[in-house]
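Annotation comment: TrEMBL describes 1-24, 373-403 as region 'Disordered'. Annotation source TrEMBL lists transmembrane segment at 64-81, 113-135, 156-174, 203-221, 285-302, 337-357. For 148-365, the entry in TrEMBL reads domain 'TLC'. The compositional bias 'Basic and acidic residues' annotation in TrEMBL covers 392-403.
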Amino acid sequence: MTRLDPFPQLSTVDAGGLSHRRSNVKRNSQDLAGHAGPMQPVIHDQSSKLRKKSRGSLRLSRRTWVLPLLLMLTFITLYAINPSESNIFRHFLFLSYKLDDQDDQYGKGPWDFAILCSYTILLTFARGFLMQEVLRPLGRLGGIKSRRKLSRFMEQMYTVYYMGFVGLLGLYTMKRTPGLWYFETRAMYESYPHLSHDAVFKSYYLMQAAFSVQQALIMLLGQEERRKDFQELVAHHAIALALIWISYRYHFTYLGLAVFVSHDISDFCLAMSKSLNYLKHRAQIASFLLCIATWIYLRHYINLRILYSIATEYATIGPFGVNPEAGEYKCRLSQTVTFALLAMLQGLNLFWLYLLLRGAYRYFATGVARDDRSEADESEGGPEPWVADESQGGKEERKGVEV
């Protein structure tokens with residue numbers, strides 16, 4: 001019986017030819033090994049250059065504050081060439097429409113957009129510089145290793161700095177505004193229209209407007225990672241910009257000041273709670289509870305009082321009617337629009353309060369601490385050790401709370 005060769009092609013190869021080819025392969029490998037020595041430094045130099053170039057590009061991309069700084073220095077230089085009232089760049093550095101017949105009072109007009117632009121550039125510089133040159137090293141020092149988590153930490157700490165500053169400035173402005181302290185609603189309508197303001201009030205209001213513009217641009221340009229509540233954030237920014245424009249253009253700035261302060265302080269507490277959470281600080285739980293308390297008091301109790309005053313005092317206190325020559329626009333239409341916008345803002349705040357309370361319940365009842373708004377986990381290689389990843393059945397540890 002003839003036995004079939006399972007590898008007929010190999011069987012046709014003679015031993016001499018096979019050994020000849022093996023010797024050729026061995027000789028070629030020796031030749032390559034002989035040339036490997038001189039080539040290694042060349043390859044090493046090229047990879048070293050690529051790494052240096054990559055690090056240089058990364059450092060340059062992080063210095064986003066350089067361009068806004070150059071723009072501000074350009075405005076200052078162009079004004080310094082001719083420091084007079086006729087120099088249009090003066091409007092980019094100083095408040096416009098100072099009233100001669102009133103001490104330290106400023107009116108309103110189109111040139112306010114110039115200082116608004118400068119404030120936006122200034123805040124862009126401050127954000128980039130603080131985040132990259134101050135907060136990034138601070139986060140690394142605090143033990144944050146994940147790039148995504150470090151980015152979140154820098155964003156929240158910048159919010160802490162800004163909201164802490166404007167929160168105190170807003171309270172100071174409210175204190176020195178006649179009849180408005182402490183969230184008194186009668187002064188919002190009794191002294192209407194608010195045609196002029198002192199330098200502190202006007203600077204504060206325009207800076208707040210610039211911050212809202214800057215945040216909207218950051219969101220639209222995708223400079224921050226999207227969360228699950230991205231659509232709610234878009235709606236919030238749209239409502240905020242509409243309220244700022246209406247209140248400034250139609251002279252309801254006392255009402256706008258109260259809304260600003262109530263949101264800024266609660267934002268400060270929320271951002272502080274998040275920052276402590278990223279650092280895994282032992283004060284994070286206390287700060288989270290304080291955040292919920294201030295949120296309920298300022299964003300709901302105070303703002304519901306303001307909404308109630310619009311429904312009951314808006315038409316009965318102060319002038320009511322349209323008189324463009326006197327700057328009066330307190331009428332039924334403006335009442336309806338203002339109430340509707342603040343009611344929509346209240347609805348969004350209730351949605352976020354629900355998320356806060358759900359996070360608190362999850363932590364205290366089940367020990368699970370997780371950010372319901374995040375699209376993904378905050379770490380690079382999976383869930384944080386204190387965050388439960390429900391999708392992958394991760395082990396839950398009661399070590400922190402994400403808000």
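Glycine too: its Cβ is placed from the backbone N, Cα and C atoms.
Unlike curated records, TrEMBL annotations are generated automatically.
Quick one: how deep are these features, and who are their neighbours?
For the transmembrane segment (64-81), the list of distant contacts is 87, 89-90, 92-93, 118, 121-122, 124-129, 132-133: same-chain residues at least six beyond its ends, Cβ to Cβ under 8 Å.
Through the fold, the transmembrane segment (113-135) approaches residues 62-65, 68-69, 71-72, 75, 88, 91-96, 153-155, 157-158, 161-162, 206-207, 209-211, 213-214, 217 of its own chain, all at least 6 residues removed from its boundaries and within a Cβ separation under 8 Å.
Same-chain neighbours of the transmembrane segment (156-174): 123, 126-127, 130-131, 135, 138-139, 180-183, 200-201, 204, 207-208, 211, 257-258, 260-261, 264-265, 267-268, 271-272, 274-275, 278, counting only residues six or more beyond its ends whose CB sits under 8 Å from a CB of the stretch.
Beyond the transmembrane segment (203-221), the same-chain residues lying 6 or more positions past its ends with a Cβ under 8 Å from any Cβ of the stretch are 95, 112, 115-117, 119-120, 122-124, 127, 162, 166, 169-170, 173, 197, 233-234, 237, 240-241, 244, 248, 253, 256-257, 260.
Note on the transmembrane segment (285-302): residues 183, 258, 261-263, 265-266, 269-270, 272-273, 276-277, 346, 349-350, 352-353, 356-357, 360, 363, 401, 403 of its chain, located 6 or more positions outside it, place their CB under 8 angstroms from a CB of the stretch.
Panel annotation: around the transmembrane segment (337-357), residues 229, 232, 235-236, 239-240, 242-243, 246, 252, 255, 259, 291-292, 295-296, 299-300, 303-304, 306-307, 310-311, 314, 372-373, 403 of the same chain, lying at least six beyond its termini, place a Cβ under 8 Å from a Cβ of the stretch.
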